[in-house]
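J.: Per TrEMBL, the feature transmembrane segment maps to 39-61, 102-128, 135-159, 221-244, 268-289. The annotation domain 'ABC transmembrane type-1' is assigned in TrEMBL to 104-289.
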Amino acid sequence: MTISLDSPTTSSGRERLASLGRRAGRVGHFLLRMARNPLTAIGGSIVLILMIVALFAPWIAPFHPLVQDLNNALTPPNAVYWFGTDEFGRDIFSRLVYGARITLYIVLLVSVTVGPLGLLLGVTAGYFGGKVDMLLMRITDIFISFPSLVLALAFVAALGPGLEHVVIAITLTAWPPIARLARAETLSLRQADFISAVRLQGASSLRVLWRHIVPLCMPSVIIRITMNMAGIILTAAGLGFLGLGAQPPDPEWGAMISSGRTYMMECWWVVTIPGLAILINSLAFNFLGDGLRDILDPRNE
């Protein structure tokens, strides 16, 4: 008679460790594939730096972003003021660092709201088809027919200036492409053999959508959202430039360009440096999105 010394608890612990090991291996493989692509590595590094700067802004910024010093107004870059000062003597480097928080706040909040909204509408339209598809896609077409910045301007003009209203406006203009993408993915999946087999087993439409179709649509949606982040940054900066985003004296990059445009011929740094921040971070998110597409899209295997 053989007695097993392995208790159920020990077996469960081994299974958990094995599962964690497999997950760690997949994450390591994913990061390795990202590192092999130079543009993806550059984009990911810049985005990581942006997040670190936003998180540790109080310790990185040498001056308070709102404190004025008119005696040092429009000082060019030097050893004390690395990126110079603006028309009120505020340190541009410090304002740029704190502005990273506002930019990330808008990007992350729009991303976590627009992704589920577009995915929900897209898979619903693609799976059920018929009148549901026609209604949702006509609504989508109405939103797509307007340029996103113009539509965002209309929404912010109706809601009033402010960061929260900018987030709402950009969300309402950014979901249609994601919905169309999710619908296209769902149309190609709903007639697949494994979906038919799941239906024959008695699975409800909700279960088919949630457990089988949505997970397969997620990689494409994540790629699209990542690539949309560059557009979100540009739209937020455009609204800030027009005075409809963050309100003075908040150090939003678009608003910094707007306030400094009067002095840009004599004091180039007031406009150039915030503009470079917008450009570099927009390119970084584009590079990161391209890399994620190469890694997550199974058609590139």
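Yeah, the Cβs are placed from backbone N, Cα and C, and that goes for glycine too.
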J.: Between the stretches 102-128, 135-159, 221-244, 268-289, which wins on the count of C-beta pairs under 8 angstroms to the transmembrane segment (39-61)?
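T.: Between the stretches 102-128, 135-159, 221-244, 268-289, 268-289 has the largest tally.
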J.: Looking only at residues six or more beyond either end of the transmembrane segment (268-289), which have a C-beta under 8 A from one in the stretch?
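T.: That would be 39-40, 42-44, 46-47, 50, 74, 76-77, 83-84, 86-87, 92, 96, 99-100, 103, 107, 223-224, 226-227, 229-230, 233-234, 237, 253-254, 256-257, 260-261.
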J.: Can you work out which residues elsewhere in the same chain, 6+ from the ends of the transmembrane segment (135-159), have a Cβ less than 8 Å from its Cβ atoms?
T.: 121, 124-125, 165-166, 168-170, 172-177, 179-180, 183, 231, 235, 238-239, 242, 244-245
